[in-house]
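*Asks:* The structure's right below; bear with me while I get my questions together.
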Amino acid sequence: MKNQLRSSFSTQGRRMAGARALWVANGMKKEMMGKPIIAIVNSFTQFVPGHTHLHEIGQQVKAEIEKLGCFAAEFNTIAIDDGIAMGHDGMLYSLPSRDIIADSVEYMVNAHKADAMVCISNCDKITPGMLMAAMRLNIPTVFVSGGPMEAGEWNNQHLDLIDAMIKSADASVSDEDVAQIEDNACPGCGCCSGMFTANSMNCLNEAIGLGLPGNGTILATHANRTQLFKDAAALIVKNAYKYYEEGDDSVLPRSIATRDAFLNAMTLDIAMGGSTNTVLHLLAIAHEAEVDFKMDDIDMLSRHVPCLCKVAPNTQKYHIQDVNRAGGILNILGELSKGGLLKTDVKRVDGLTLAEAVEKYNICKKEVDTEAKRIYSSAPGNKFNIKLGSQNAVYKELDTDRANGCIRDLQHAYSKDGGLAVLKGNIAQDGCVVKTAGVDESIWKFSGPAKVFDSQDAACEGILGGKVVSGDVVVITHEGPKGGPGMQEMLYPTSYIKSKHLGKECALITDGRFSGGTSGLSIGHISPEAAAGGNIGKIVDGDIIEIDIPNRSINVKLSDEELAARPMAPVTRDRKVPKSLKAYASMVSSADKGGVRIID
């Protein structure tokens, strides 16, 4: 072999008799020794609907790999459900879990000297955590997500989790209606059905190049999702041999996830109005890959990439299943490439360049590829279902309408400015992020008095208690990576603002972050954060906050001298922080660096 198998340290030589005995006890056949050992990194848990259907698939992937002569071994990572952890101190653990996942994958794979990986991820911190590990390890890797949930339905309208949250806090909605919405919003397994963080990351993985076509959009319940796992099993064996036998390093994560690939992924995110959390995660993944990709790159892209796709929560018309029907991520990338907005010579895990992939999977050409038609015809089963790949409904026709359909061409873009913007100013000298795709253009310029809260809990009480009125800017401080610690998502405050019918009349700014389900004038990731001495921690009630999205600025109306002389506002909250999170806070950076741990 041109590259020595990592596993040879435990399978070769007389002195490794004990290790070989243990491999045999694990089910390895003698003829498998000396061949690649492939780790199956699963994230099954019954705490998270995005992962509850992954129990058996790891063993099915193992069986497919072993048919091809290699030994495969499965292990699990933790997985936190942000929706269940939200609204209480459980959310403090969500972002730190990303690093725990990355560490645990590195520990397991390096300790046992696995040669390659299939990563079975799905929800918010699991996909980025595994991607961070893949960049550290840099061994042949294929990602397959568990897939998106079908959209719910009630009163002939599509629903999702965010609808349940908003309606439950709206006094004009009856208890009976809330109960029915609650029962129908999440009809089974998969990650929540809009362009929230989980789906955003699984879609971006297709642009990064480590996810197969359909990774981000084929429904969890569809048979074609199961086929994707089979394809991944065959591909990882092929790529393992390409690297170790042939010395072909083009299959390695760092060869695929180059600077150009990160630029492509961010371009996609802006074009589809993805979650602002993707900014945090892409910065962290690039950090692990030792790729020079920073907030300034995101700012540059946001100024000229148009919005070509709007999905819930940015509209109620479309959910992820509709993106799939319109040709999925490769067809959004195809439209972007027509405008010269992508680097199409980048490599992909399937061996294609991006240019070759967007051509092969283009559903708008006269002769549609058979595989493309199979993938993008995958339709919802429209009934409650928690079993992976258990239905095979198909759309009668694909959505190829690029003027008025789910995916638009450049000439019919939703807006010439994309779905994300980076703002800077005296509140956020190192930047902050807003999902413009979810902001009504009438409030892209907004000015109002600050209503300051030093915790998410206090903000929720203030909003529900009527302390926030039309024209206010809600300011939530000390919720950044260090200050939280853990950088909580602010979905409940933004949902409560909507439930009070103030969605177009108020803004919210924070050094915390937002759920992918957030829309409205919600500005997060303010850096430096309050706990790192950032000026957001100096704002007091009544200060005038000026937000100007077109000019990419955010400022408090104070002179530099006034701001420099003003002390940090006192923190009045009573929050008990466990040692595990204190350790995290002692190492973590602000959001403009991806919230990564800074370790000398």
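Keep in mind that glycine also has a Cβ here, set from the backbone N, Cα and C atoms.
Okay, these came from Swiss-Prot:
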- Asp82, Asp124, Lys125, Glu489: Mg(2+) binding site (BINDING)
- Cys123, Cys192: [2Fe-2S] cluster binding site (BINDING)
- Lys125: N6-carboxylysine (MOD_RES)
- Ser515: active site, proton acceptor (ACT_SITE)
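Where in this structure would I find these features, and how exposed are they?
*Replies:* Summarising the environment of Glu489 (Mg(2+) binding site), the number of other Cβ atoms within 10 Å of its Cβ, over all protein chains shown, is 31.
Using a 10 Å radius centred on the Cβ of Cys123 ([2Fe-2S] cluster binding site) and all shown protein chains, the other Cβ atoms total 28.
Long-range C-beta contacts of Lys125 (Mg(2+) binding site), restricted to its own chain and to partners at least six residues apart, with a cutoff below 8 Å, comprise Ala79, Ile80, Asp82, Ser94, Leu95, Ser97, Arg98, Ile101. In three-state terms derived from DSSP, Lys125 (Mg(2+) binding site) belongs to neither a helical nor a strand segment and is classed as coil.
Counting only same-chain residues at least 6 apart in sequence, those with a Cβ under 8 Å from the Cβ of Ser515 (active site, proton acceptor) are Asp82, Met86, Ile162, Phe196, Thr197, Ser275, Asn277, Glu489, Met490, Leu491.
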*Asks:* Return the residues near Asp124 (Mg(2+) binding site) by Cβ distance under 8 Å, restricted to its own chain and a separation of at least 6 in sequence.
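*Replies:* Non-local contacts for Asp124 (Mg(2+) binding site): Ile80, Asp82, Ser94, Phe196, Thr197, Ala198, Met201, Asn277, Gly516.
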*Asks:* Which residues in the same chain, at least 6 apart in sequence, have a Cβ under 8 Å from the Cβ of Cys192 ([2Fe-2S] cluster binding site)?
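*Replies:* Gly50, Gly83, Pro148, Met149, Asp160, Leu161, Cys186, Ala198, Asn199, Gly517 - these are the non-local Cβ neighbours of Cys192 ([2Fe-2S] cluster binding site), listed in sequence order.
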*Asks:* Can you count the other CB atoms that lie within 10 A of the CB of Asp82 (Mg(2+) binding site)?
*Replies:* 27
*Asks:* To test your reading of the Mg(2+) site: which residues beyond Asp82, Asp124, Lys125, Glu489, same chain only, put their Cβ within 8 Å of the Cβ centroid of those residues?
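*Replies:* Everything else in range on the chain: Ile80, Ala85, Met91, Ser94, Leu95, Cys123, Thr197, Ala198, Asn277, Ser515.
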